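Peer 1: Below is the structure I would like to discuss, written out as structure tokens.
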């Protein structure tokens, strides 16, 4: 800021905002962007309490007291910002003490004023020469680490991203470990399908409950509980398997209970933290954590199994949840109102023009279930997840049995579709938000993106019957899942569109249908393979994708239908 900002009557009020200087020997003004705040000074000690959005901290100090009238005078101009000080702090938020001569900044700019109790914004200021007995005002500028000024809403997004990374790491490890486990315990295809589907028994139970809990008590507690619960269940899985099949089924169901609350809690958090202009991008990034979790799990599981045995996958992946939980407790809050470190600028951006963010007390079930767009979400989610969960749980087996890849090759090649999904989810999120910002209706954007998410996978799965090489089969899988990822900007973003206050409950409802697709689809695939072929498996998925496309385009909307 140029020096003229301090000496002009109009600009000085703009420079220091609404701060108030109190009567006393010392006072402090903290400049934050275009605003400032005031801190009380005790003796010769002052404490800076504010940081500007661009990562710089500005402190205005009065060093001496005088009972005469006040004026402000320039000593000389700095090149672009004030930096005169007779002492400074070694760290943002630390205490400044008089006499720290060794911390003086080289670029000096001084101003003078006489102190009385008044509102700075109404001060009469001029640029007359400085008389004697004036007080020296000092403005200190210093840089702070970039991570302290990183937008807090995106800290929440990144932590949710990490939670979903762990979520799918812990889920897909079974799809790799099941191959050596089935040999060790002599499981047939039907038993393998039963084990794979047992996860969804617990996952199904907590979808709606997770949404209700998140909307009523906040997403932080619910998501934190989920990660700890499923991490413990993952660690205990090898022990349960060695005790017996019933114990393994129960432990996989327990793991599903923990992961079942994750999506509703995450949707609740993002509905409170993310403005509509960033909705598709933020959601796409979080869901890309799931895809990258699949990549990580499928890539590292064969290596760990080869070197340390299949139990090592569950022990190593499950233990990572404790690290995430420690960060979550320190950094996350259920809503912007609860975060004491959130800047007023960012809070205004998040809350500006938004609906009420207060917790829900009563769920209007009859109203929710009477809306056609809600049923469009539920049916479309079922159709979408049938194909997605088959890929998640059965693709390593497909690569091993049909394409004749070994365990390591199966795991590595399964990575490609998920990498494609991670990339295209974020591309789709950027496209969707750009279309919305340019004036296209949210309804049109959601229908376009979800139509790609349905018809793309349907087309590429039909091509699997005609390919003759493993490379082309893997390419079809990658293209199928890449186009599937556009669903993150379609139906997965729609819960916040039609009912932001009940986003957790809506996600719980639709994802319950999606979990039923996982339960029936995963188990049905095992029975289909005993009596038919992989072509039959893919034909069922294609039929459901087409049904989902029709229902979505006829009944969905991007407008708010629930207050």
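Cβ coordinates come from backbone N, Cα and C, glycine included.
Relevant sequence annotations retrieved from TrEMBL are reproduced here:
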{"type": "TRANSMEM", "residues": "154-174", "note": "transmembrane segment"}
{"type": "DOMAIN", "residues": "156-560", "note": "domain 'Major facilitator superfamily (MFS) profile'"}
{"type": "TRANSMEM", "residues": "194-214", "note": "transmembrane segment"}
{"type": "TRANSMEM", "residues": "221-241", "note": "transmembrane segment"}
{"type": "TRANSMEM", "residues": "247-270", "note": "transmembrane segment"}
{"type": "TRANSMEM", "residues": "282-304", "note": "transmembrane segment"}
{"type": "TRANSMEM", "residues": "310-329", "note": "transmembrane segment"}
{"type": "TRANSMEM", "residues": "374-395", "note": "transmembrane segment"}
{"type": "TRANSMEM", "residues": "415-436", "note": "transmembrane segment"}
{"type": "TRANSMEM", "residues": "448-467", "note": "transmembrane segment"}
{"type": "TRANSMEM", "residues": "502-529", "note": "transmembrane segment"}
{"type": "TRANSMEM", "residues": "536-555", "note": "transmembrane segment"}
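Give me the local environment of each listed feature.
Peer 2: Tertiary neighbourhood of the transmembrane segment (154-174): same-chain residues 195-196, 199, 223, 226-227, 230-231, 234, 237, 252, 255, 259, 262, 266, 269-270, 273-274, 282, 285-294, 296-298, 301, 313-314, 317-318, 320-321, 324, 327-328, 331-333, 392-393, selected by CB-CB distance under 8 Å and a gap of 6+ residues from either end.
For the transmembrane segment (221-241), same-chain residues at least 6 beyond its ends with a Cβ under 8 Å from one of its own Cβ atoms are 160, 163, 166-167, 170, 173-174, 181, 185, 210, 213-214, 247-248, 250-252, 254-262, 264-266, 268-269, 310-311, 314-315, 317-322, 324-325, 328-329, 332, 334.
Remote same-chain residues near the transmembrane segment (247-270) are listed as 156-157, 160, 163-164, 167, 170-171, 174, 194-195, 198-211, 213-215, 218-220, 222-223, 225-234, 236-237, 240-241, 279, 282-283, 286, 332, 334, 495-496, 503-508, 511, 515 (criterion: CB distance under 8 Å, separation of at least six residues from the stretch ends).
Beyond the transmembrane segment (282-304), the same-chain residues lying 6 or more positions past its ends with a Cβ under 8 Å from any Cβ of the stretch are 153-154, 157-158, 160-173, 175-177, 266, 270, 274, 312-313, 316-317, 392, 396, 407-408, 410-412, 414-415, 418-419, 421-423, 425-426, 428-430, 485, 488-489, 492-493.
Taking Cβ pairs closer than 8 Å, the transmembrane segment (415-436) reaches residues 276-285, 287-288, 291-292, 294-295, 298-299, 391, 395, 442, 444-446, 448-449, 452, 474, 477-486, 488-489, 493 in its own chain, all 6 or more past its ends.
Within the chain carrying the transmembrane segment (536-555), a Cβ under 8 angstroms from the stretch's Cβ atoms is held by residues 372-373, 375-376, 379-380, 382-384, 386-387, 390, 394, 447, 450-451, 454-455, 457-458, 461-462, 464-465, 490-491, 517, 521, 524-525, 528-529, all 6 or more beyond its ends.
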Peer 1: How about the transmembrane segment (502-529) and the transmembrane segment (194-214): do they have 3 or more C-beta pairs under 8 A, pairs 6 or more apart in sequence?
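Peer 2: Counting Cβ pairs under 8 Å, at least 3, so yes.
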Peer 1: Should anything in the same chain at least six residues away from the transmembrane segment (374-395) have a Cβ under 8 Å from its Cβ atoms, list it; otherwise answer none.
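Peer 2: Same-chain contacts beyond the flanks: 168, 171-172, 174-175, 196, 200, 294, 368, 414, 417, 450, 453-454, 457, 461, 477, 480-481, 484, 487, 491, 494-495, 498, 506, 509-518, 520-522, 525, 537, 540-541, 544-545, 547-548, 551-552, 554-556, 561.
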